[in-house]
Amino acid sequence: MVVVGLDVGYGDTKVIGVDGKRIIFPSRWAVTETESWGIGGKIPVLSTDGGQTKFIYGKYASGNNIRVPQGDGRLASKEAFPLIAAALWESGIHNDGSPVDLVIGSGTPLGTFDLEVKAAKEALENKVLTVTGPEGEVRQFNITRLIMRPQGVGAALYLLNQGIIEQQPGYGVVIDVGSRTTDVLTINLMDMEPVVELSFSLQIGVGDAISALSRKIAKETGFVVPFDLAQEALSHPVMFRQKQVGGPEVSGPILEDLANRIIENIRLNLRGEVDRVTSLIPVGGGSNLIGDRFEEIAPGTLVKIKPEDLQFANALGYRDAAERSM
């Protein structure tokens, strides 16, 4: 029995595979009819219907026909299915074409949790997913169980197991800064149960900063910059149209504004319960950029996570939850 942790986000898909192997790729895919080549050689082309419909995914999928998941953790969505197939393909599970029994740990935001879990189990549990690779090789994944946890709980469980946070009186607030949204999950640190009335989703994410930077670069160069290039330009300068654009000096004010909006909304939603917060836990890719600012919400409570774990915290927790369920 193989166990994987899977976090299908609107921005990126994260996987914890065999022997703890970590994989991350942009959550986008596109149908293709021909073989493609890049600088590094042949671009991976997969199929889930015996080769009739082929698709490319991740950084290789670009252009007007790309498809993305409908939201974080929407595993039952037809737009997420190729991403699940790609994640399992890259997870390090190899076989001779016969089905490999698999348990998937995953999650979805608390607000739609029950609905999404029911749909995901109906779509995936006790199903055999057959994936055909670029050389015609076939791998079959028999999904025997799907273990779901609310987004943010996975990260908290992982940190608890690592000894980074402790069970104690008070609240832990997991702030997951994603592409479209910032999901805030408040957990009672004594029993690790979500506090529903203090958990919420903000329609603010790193995508807002990327769009703002993209507009700024377009004004400077006269050309519309691709989304993935603008995303890269948030953290360091990049070359675009033979000109160096972006970088911290340009993106700094934009990220400051993003952090201010998130902090203001979190304070508003937590209302008079801020004094009970003992751990602020930023996770997600956006936390690499603005996570340190969140200490302003409750000074002295910020939990520092290794930068390499920030994006994978939920997936690590999902995998741990799946292992514990066996």
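Note: Cβ is positioned from N, Cα and C throughout, glycine not excepted.
Here Swiss-Prot has Y10, G11, D12, T13, K14, Q231, G285, G286, S287, N288, Q311 binding ATP, and the candidate from S62, S77, S91, S179 in that same listed site is S179. When Cβ atoms from all protein chains are considered, those within 10 Å of Q231 (ATP binding site) total 22, not counting its own. Within 10 Å of the C-beta atom of D12 (ATP binding site) sit 19 other C-beta atoms, taking all shown protein chains into account. When Cβ atoms from all protein chains are considered, those within 10 Å of N288 (ATP binding site) total 18, not counting its own.
Each of the binding-site residues Y10, G286 was scored by the number of other CB atoms within 10 A of its CB, and the lowest score belongs to Y10. Note: K14 (ATP binding site) has non-local neighbours G5, L6, D7, R22, I23, I24, Q311, F312, N314, A315, i.e. same-chain residues 6+ apart with C-beta under 8 A of its own C-beta.
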